[in-house]
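**Q** Okay, handing you the structure first.
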């Protein structure tokens, strides 16, 4: 009598020779009528599909750095088109995410009365209009900053205005505060909060007290001024509009692409501006926030340039202390073109605009060290930004005085896996030194 493969298995009487026979003959994928073959085919297909799906959606997968990102750059020779494509993918949840994102405790950091799960943030400029906040957080960031946002919609500077320097892992931009304006960004934020409240994940809105809508993560909103706007009133309008949506408010006075903006960094002008911003923020505390809190007092940070002499940095430190802001982001892009640039196209290098990416690191780190010296003991929180592309870079900034760090350009070049890699590298080095992130902040400040 001839038994089927399944019946032999059920009888427990299949030997090695019989198994090989059935594997070669009865379970051949060509025999579509055999139930065992169909089951095996579907099982293998489902398993392979699941594994492929996990691999492709996991930001740690090497394919994103070595295939996906280079392919996007190849398909979008216009750098701004590539930027827009990236935001579109993040907005609709099509970008890879960091699966099993649980940060080790030694990465936790207390800042502004909150505990962040990790100190790695996304700098402003990636998501200018608050369209892709959740997609960015899904990459593993502890802090995401959107903007800059201007009161009225404005197109920014004429195109082309965004240029890649891939050999240097750098970009030059002269966007000029292109923004959809306050009302449009508020609508994006309102829709996001509404989706959160109505989702089945939100059983108790009071369980989340951060406006990022994530426990132990913060959302910053970077405020700018219109090209022909008032240098004080535009920022006050931003505070009034976004106070109830932001965990952190950032005053951007350092973009090189808005005429006269960097002039706001002069001590007397900056002290006046920041003092009025803080006063406006304090006047709105009792207005609460969109999550129903009765009071809300988001910290105010000011973002400054790296192209400053020591006396200018000292003056900014004094302005920050006098105005009682909560911190300083060091730094924005640079108008310098460092000698270290290896891009051979001199016309490309000579494009007007701010340079960001790896070549910015020496300038931003130097500015941070100087700022840390002049703010030591003041309680001001320093955020390091500019050219950070590794865990070693992040630790260098922390030891120079940064409580948190931000990155953007290298994230665009290396892909979504960079965030996990940076956190892994920080963790490994901290373990070697037998320290936590909090313990190394300002370690080298003199």
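Yeah, the Cβs are placed from backbone N, Cα and C, and that goes for glycine too.
For 42-58, the entry in Swiss-Prot reads transmembrane segment. Here Swiss-Prot flags 124, 125, 126, 127, 128, 148, 222, 252, 303, 331, 357, 387, 408, 409 as FMN binding site. Residues or ranges marked as substrate binding site by Swiss-Prot on the basis of similarity to another entry: 128, 173, 174, 175, 176, 177, 252, 253, 254, 255, 256, 257, 332, 333. Residues annotated as active site, nucleophile in Swiss-Prot, with similarity to another entry given as evidence: 255.
Are these features on the surface or tucked inside, and what are their neighbours?
**A** Classification of residue 357 (FMN binding site) by DSSP places it within a strand. Within 10 Å of the C-beta of residue 357 (FMN binding site) there are 25 other C-beta atoms, taking all protein chains into account.
Taking Cβ-Cβ distances under 8 Å and a sequence gap of 6 or more within the same chain, the neighbours of residue 176 (substrate binding site) are 154, 156, 157, 161, 227, 257, 258.
Taking a C-beta cut-off of under 8 angstroms and a sequence separation of 6 or more, residue 255 (active site, nucleophile) has the following same-chain neighbours: 148, 177, 224, 261, 262, 332, 333, 354. A coil conformation is recorded for residue 255 (active site, nucleophile) in the three-state DSSP classification, outside any helix or strand.
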**Q** By a 10 A CB contact count over all chains shown, which of the binding-site residues listed here is most packed: 128, 174, 303?
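**A** That would be 303, with the highest Cβ count within 10 Å.
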**Q** Between the Cα atoms of residue 252 (substrate binding site) and residue 303 (FMN binding site), find the distance and write it as a whole number of Å.
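**A** Pair distance, Cα basis, whole Å: 5 Å.
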**Q** Say you check the Cα of residue 126 (FMN binding site) against those of the binding-site residues 174, 254, 256; which is nearest?
**A** 174
